[in-house]
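Student: Residues or ranges marked as ATP binding site in Swiss-Prot: 29-32, 50, 86-90, 414, 477-479, 493.
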């Protein structure tokens, strides 16, 4: 297929046109008074959102060069979302502002490579200024403030996330699901829960709740299938003498072994229950080891030269309580050694830091939560499915922003932190490097200007007022139209979100500015389908008989 090659200013201007179109659609969502964007779906009802990355992902432009420009900035939004979980609109607005300012200077004759070098040096300095201005997040109130800002000033979402984080801790897992009613709910699972239910309903002890409830049980962990009762008999005899309940966690229990356990349970000989081990393959072995450490037991594994027949009471784990329903097993207050649990937690944290797979990271995070505190489930309710999806997007954003705030701290929000950090930077640069630094410095005003504009205020006046050098916490509250102490007003942003948004925006804008040629396919207009031939006279075919 033939290719179209465009050079220099023509190429950059076409790329800028695409970036501008994407930015114009995304920027309207910014700030507490940002507007909604309605997105047509290929099937089903249209979706409505105030989430920048959701808007960016839907944009495909007809012109191939424009689409390449938009695609690069779309990548900025997605990458910022992946790394920080929020700040996608900020990243898009910054990338557009830097590209726009840079394009003007490069068209006037500045050297793109020198300009890029100056931009990189300035961003590095701004990033360190942001980190030095960061304030550690302490307590439920600040967590609620961060979550509220990220959820487009919805305080009910902020309070819900703060409560969830207070209950499960910063290492706990918080998941977001759709509720079956119009109300938001928070469910917290104490202890370790895994998604395996009882192997037989005959194990149920609480018929009203359809649950197995075991008080102070022994826990037997085995990493293979149990099919033969003979292997289990020695440990069952020891359990019977203690009079305590027993939970068996194994790859599977079937045939004669399961039938005999059920009969013994029904006759009252043993208070016993059995579940399958969670996970698959190597992950199953790791999770069994987690349960063993949490409960102070050992995994009976043939790989370690142990057989089920050799198991004794010393190999069994213990817990205050175990609750099993048809889908889940929950172990509460395992009797494991605190130092061993802490060592296991640190080991999993190290694995999280090393892994490059998002899936592995998510699974390791779940294991960490189960060992260190628990899991909270936020159920988002709304009157319609469209509203629920929009609200769920905001809850996800708020949750990610909160985690980022706990990780690296917070700075003043509303776009003020970037301006103040830029004003504090003092680099001795010359020539085109200085131009590069000035481009980024001017672009740092773009998020604040957009927030003010969306709220119906004069962007220039607001930017000049907030820019003062000797008022580090001073900023503009777009929701009320007042100038306030941002920390006192609870208008705060996570440093991680601001930092990653800026770094990604400069990265892609500098690539666009140093682009000297574009190569793209020439779209050929396919001829329209010819009209169907006139079928008149077909009705008279009956006369052929």
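Heads up, the Cβ atoms here are built off N, Cα and C, so glycines get one too.
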Student: List every residue in the same chain as residue 478 (ATP binding site), at least 6 positions away in sequence, whose Cβ is under 8 Å from its Cβ.
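Tutor: In sequence order, the residues whose Cβ lies under 8 Å from that of residue 478 (ATP binding site) (at least 6 apart) are 31, 32, 33, 414, 451, 452, 454, 455, 457.
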Student: Within 10 Å of the Cβ of residue 29 (ATP binding site), how many other Cβ atoms are there?
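Tutor: I get 23 for this one.
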Student: 10 Å Cβ neighbour count around residue 31 (ATP binding site)?
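Tutor: A count of 27.
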Student: Under 8 Å between C-beta atoms and at least six apart in sequence, can you list the same-chain neighbours of residue 50 (ATP binding site), or say none if there are none?
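Tutor: For residue 50 (ATP binding site), the qualifying residues are 29, 34, 35, 36, 37, 152, 390, 393, 394.
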Student: Test of understanding: give the count of other CB atoms lying within 10 angstroms of the CB of residue 414 (ATP binding site).
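Tutor: Taking all protein chains shown, residue 414 (ATP binding site) has 26 Cβ neighbours within 10 Å.
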Student: Translate the DSSP assignment of residue 29 (ATP binding site) into the three-state scheme.
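Tutor: In the DSSP reduction, residue 29 (ATP binding site) maps to coil.
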Student: Most Cβ neighbours within 10 Å: which of the binding-site residues 87, 89, 493 is it?
Tutor: 87
Student: By the DSSP assignment reduced to helix, strand and coil, which category contains residue 414 (ATP binding site)?
Tutor: coil
Student: Please classify the secondary structure at residue 493 (ATP binding site) using three-state DSSP.
Tutor: strand
